[in-house]
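A.B. asks: Mind having a look at this structure? Questions to follow.
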């Protein structure tokens, strides 16, 4: 079979949105989106509509994660089809509005690409989040971004877990991409984190412009971390946390956690070891926003995904 046979011809990406403020205290995306709303020169690309947008303005105004419920979990079929006559939480109302503007989710008229900009208090560095292992466009794009960012690291988190995958703000698009850059405290703007996010978006938009101009991207492989399990803190019978992330694990996102390694440190000084059968790679370690979600960290496994060559489909 010739290499030409393996080229996947994909539709041009004509409409791109950049979402900031899905969580109203994650400042890098908020500032970038507002900056580009005022002056979009930096994100303009020939033949491409690129719309910066603040998704949760009330939460941004109050510098809080959300008002009533997490917007980044609100894009379920039930919420998007809820009657306007119902007394809906603010973020559910907002999800319906965003779906009308940038969707409909799963529809042919949805935006081609949505970049949803997030910060984490965890030591994750620059991370791209994907929701599908078969989206050739996104796989080729993150491969391009990772090469452009070198020698700086840009990790790729893949969440296809049937129980742990959630209905994200970006899932409205045909090609949803999350950006998670940290560590950065909530409500704080750090220049290095801000510039990393800005650089990732530049490379992403460059890729889309090249693709739309007919550039063919050869087959590639992408190293990803696949979400496996959510780990909670140890708790007592009343549900109260009884231990902290162990100092040997703290700030060690993406590093191997082996059986027998320290995982938690109880308040009375006892070390709790990891007892899993296989080595895992934790991330979102001690994320501040996830205490309410009963999550100390997420375990992942390493995987290599292969993507066919792609080019724009010519009419």
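Along the chain as shown, the residues are counted starting at 1.
Including glycine, each Cβ sits where the backbone N, Cα and C put it.
On a predicted model such as this, the values are computed, not experimentally measured, just so you know.
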A.B. asks: Considering the substrate binding residues 72, 73, 166, 167, 168, 169, 170, 180, 290 given in Swiss-Prot, which of 65, 190 is annotated for that site as well?
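C.D. replies: Substrate site check in Swiss-Prot: besides 72, 73, 166, 167, 168, 169, 170, 180, 290, the record includes 65 out of 65, 190.
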A.B. asks: Checking your reading of the structure: which of the binding-site residues 23, 26, 118 lie inside a 10 Å Cα sphere centred on residue 65 (substrate binding site)?
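C.D. replies: 23, 26, listed in sequence order.
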A.B. asks: For the Zn(2+) site given as 23, 26, 118, which other residues of the same chain have their Cβ within 8 Å of the site's Cβ centre?
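C.D. replies: For the Zn(2+) site, the extra neighbours are 21, 22, 25, 29, 65, 72, 117, 119, 120, 289.
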A.B. asks: Could you find out if DSSP has residue 73 (substrate binding site) as helix, strand or coil?
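C.D. replies: For residue 73 (substrate binding site) - judged by DSSP and reduced to three states - the answer is helix.
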A.B. asks: If you count, for each of the binding-site residues 26, 180, the other Cβ atoms lying within 10 Å of its Cβ, which residue has the minimum?
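C.D. replies: Ranked by other Cβ atoms within 10 Å, the binding-site residues 26, 180 bottom out at 180.
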A.B. asks: If I restrict to non-local contacts, at least six residues apart, and a C-beta distance under 8 angstroms, what lies near residue 23 (Zn(2+) binding site) in its own chain?
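C.D. replies: Listed in sequence order, they are 56, 59, 65, 66, 70, 71, 72, 118, 119, 289.
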